[in-house]
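Taken verbatim from TrEMBL:
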type     : residues                                       : note
SIGNAL   : 1-28                                           : signal peptide
DISULFID : Cys81-Cys86                                    : disulfide bond
DISULFID : Cys121-Cys156                                  : disulfide bond
BINDING  : Arg177, Thr179, Trp190, Ser242, His245, Arg277 : FAD binding site
ACT_SITE : Cys384                                         : active site, nucleophile
DISULFID : Cys384-Cys387                                  : disulfide bond
ACT_SITE : Cys387                                         : active site
Amino acid sequence: MSRKVYKLWTASLFGVAFFGLLNPELTGVLDDCFCDIESIDVFNNFKIYPSIQKLTDRDFFRYYKVNLKRPCPFWPDDGHCSIKDCHVEPCPESKIPVGIKSGNYNKYSLAANTIKDMEECEQAHELGAINSTLSNQSKEAFEDWARHDDAQDHFCELDDETSPDAEYVDLLLNPERYTGYKGPSAWRVWNSIYEENCFKPRSVYRPLNPLAPSRGDDDGEAFYNWLEGLCLEKRVFYRLISGLHSSINIHLCAEYLLDEGWGKPVWGPNVNEFRHRFDPAETKGEGTRRLKNLYFLYLIELRALSKVASYFERAIVNLYTGNAQEDSVTKDLLMQILNEAKNFPMHFDERSMFAGHKIEAKTLKEEFRLHFKNISRIMDCVGCSKCRLWGKLQTQGLGTALKILFSENEIKNLPEHSPSKGFQLTRQEIVALLNGFGRLSTSIKELHNFRTLLKDQR
């Protein structure tokens, strides 16, 4: 479908006036790309959102291994949130599908699960039949490559899955929602991210979260005038972080504790909280920019999904849980989403980034990577365990998307029937990538719901 036809279809489905209900400025083409908000809304809400919800409910994607006990590397630990809703309940090993917990390296394919520790697997005889189809050379190569330190490709500080503190978490039983975690501890995390990692001097103040102490009448124009003077790559970095922050705030507003009840808490959308964070009048116009950055982040991760489709098309990649029927359905659903992503007609063009002088571009790319990796480390400073869980997952999802975008040549040259040393994704990266994108998809769908609620209020 061409861009022109797609935009006409968009307008006929929703009506352009509808998009002004939330904010008259939240419409039209986004900065630094050629896609409009209306097209993303329709594409996400009708094509992506229903499928991504089904996918993240599947066994392969619902279990995420994470270390929530790593100490904060930047300031003394001020204690974890004591609110009951901050608690994360780890999943007992007995509940984890055998194919997920078996093996030590790249646990997403049939091949990977035949490489190591087959004797310990409850279904070793079945895996042995699969193992016999691999040559000894392929098995040795796969294990060597899985062990290979490819840290220069990582945009995130990855958890050590072999650590005794790393535990599986059932994401469906620990949903992201407002837990009551707020105040100086929560603000210090975001303040550190923005003030120390977003390529800005301390003298240029970012417009603050409306829940933070005020810096007077500054409406942020000085910051945005400065931001527009930056190179594309540094502007993109800020917009990605702002978009992630916006997405998380939408989740908290949409799943807010409305009533403690009699032991049965009621969760639902809090319109007043949403307006407090995003209404132009209450945020001095900042809310519009935040929401546009959410759409920009969505485009970046959507582009990554379209680029990585060929990686998953290969027969060697099987989203392995030990249940053949489950795995087949999951793979088909994933490919449906990736093919939809490929067919989206208004992708962000990542080739416009790091396209200058080779040495300068390489230096800037490494600086970009290290800044983002530092942000992933800051997630270990979040005091609320549930907030830390979802912060780490969504940060790793974005880091995986960036890894994909800047590995185009390696992905193009992947072998069809054997592992690749040049580019590979661990199971944790795959789970974070799709769940992280699922969170963005949910944010855009929730915007539609808040538009309706605001319209009803008026």
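Heads up, the Cβ atoms here are built off N, Cα and C, so glycines get one too.
The 10 Å shell around the Cβ of Cys387 (disulfide bond) contains 23 further Cβ atoms across the protein chains shown. Distance from the CA of Cys387 (disulfide bond) to the CA of Arg177 (FAD binding site) is 8 Å. Nearest Cα neighbour of His245 (FAD binding site) among the listed recorded positions (Cys86, Cys156, Cys384, Cys387): Cys387. Take the Cα of Thr179 (FAD binding site) and measure to each of the disulfide-bonded residues Cys86, Cys156, Cys387: the nearest one is Cys86. For the binding-site residues given as Thr179, Ser242, the lowest number of other CB atoms within 10 Å of the residue's CB is seen at Thr179.
The Cβ of Cys156 (disulfide bond) lies under 8 Å from the Cβ of Phe372, Lys373, Ser376, Thr395, Gln396, Gly399, Thr400, each on the same chain and at least six residues away in sequence. Nearest by CA distance to Cys387 (disulfide bond), out of the binding-site residues Trp190, Ser242, Arg277, is Trp190. Of all Cα pairs drawn from Arg177, Thr179, Trp190, Ser242, His245, Arg277, which the record names as binding FAD, the longest spans 21 Å. Rounded to a whole number, the distance between the Cα atoms of Cys86 (disulfide bond) and Ser242 (FAD binding site) is 23 Å. Considering other CB atoms within 10 Å as the measure, the emptiest surroundings among the recorded positions Cys86, Cys384 are those of Cys86. Distance from the CA of Cys384 (active site, nucleophile) to the CA of Arg277 (FAD binding site) is 20 Å. Comparing Cβ neighbour counts within 10 Å across the binding-site residues Trp190, Arg277, the minimum falls on Trp190.
Taking only the Cα positions, the spacing between Cys86 (disulfide bond) and Trp190 (FAD binding site) is 18 angstrom. For Arg177 (FAD binding site), the Cβ neighbour count at a 10 Å cut-off comes to 19, with all displayed protein chains included. Note: the Cα of Cys384 (active site, nucleophile) and the Cα of Trp190 (FAD binding site) are spaced 14 Å from each other.
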